[in-house]
Amino acid sequence: MESQITEIESELKCVLEKVSWLPGFYAIPPEIQIAGSKAYQQGKIYGIDAASGAAILALDVRPGDHVLDLCAAPGAKLCMLADTLGTTGSLTGVDVAKHRLAACRTMLQKYCLGDRTRLFVADGTLFSILPVNSRMQRMEGSIGVEENGSTFPEWTSRRSWKDRQKTKKANANGPQHLLATLEPELIYYGKHSGLVGLCKSDVFCPSVDNEACTSGYDKVLVDAECTHDGSIKHIQKFEFWGWKTLDRRILDAGRTENLLQLQLHLLTNGFKLLKTGGSLVYSTCRFAEDRFG
């Protein structure tokens, strides 16, 4: 480990300062760019702010846990969750923006952390799909080939003709940012995510009644969209973006209220999907909408 640190310091031409309260984290000066370094390109390091790392640490992920990230994009926290989870349990990432979730998929593959992960494009306030392995008793007898042969093979980045036509048709109908009436779209699943060989109808079956109490997620992260006014780094950007941008993104009462309702609905749904005795971490970097009625 020390030899790797020395190698990375030599390449970045700076000293990596260990973050004493956050295991495995090292701080670098803000002017240092890691994207062009070999260490970053080879997947030896990734960038994530300390506050995000603290949220993951607070979740206290243990081996065998089934973990849900309801607002997964752009992916740094998802990678840390997968890294912490290791070779047991499962990780489910959800995000409403397909292009941002695709970036999560790229990150997981780059760092070889997606083996136990599945990614759904879905509205986090409505998502209701439970972990696969925790529902095996309910699904007993469903594993294998359905009458129409619709089971999950090993994942491949190559899409079938049917999937390409489906995407083409969706694009022709215009952008679909609101997925309230759409079925969640699975855009990635790892070899050991529990999906390979399962019937698709069982995997996409939403939870019923109080099923999540016994078959839900052990850990849920709700890192909700916010105004970012609690982040010094973001606030400093308004010096360049200008007053109008500050007014639109932070001071606008309508937007703040909309974000408040979104956060409340995400938090409520996160609790609905949590197993009895499980843990949920809610994190945002804002003050403007720091209230729930």
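The backbone N, Cα and C atoms fix where each Cβ goes, and this holds for glycine too.
Copied over from TrEMBL:
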| type | residues | note |
| --- | --- | --- |
| DOMAIN | 1-293 | domain 'SAM-dependent MTase RsmB/NOP-type' |
| BINDING | ASP95, ASP123, ASP223 | S-adenosyl-L-methionine binding site |
| ACT_SITE | CYS285 | active site, nucleophile |
Listed binding-site residues (ASP95, ASP123, ASP223), ranked by Cβ neighbours within 10 Å, top entry: ASP95
Near-site residues: S-adenosyl-L-methionine, ref ASP95, ASP123, ASP223, CB cutoff 8 A to centroid: ASP69, LEU70, CYS71, ALA72, ALA73, VAL94, VAL96, ALA122, GLY124, ALA224, GLU225, LEU266
Binding residues ASP95, ASP123, ASP223 (S-adenosyl-L-methionine) - maximum C-alpha distance in whole Å: 14
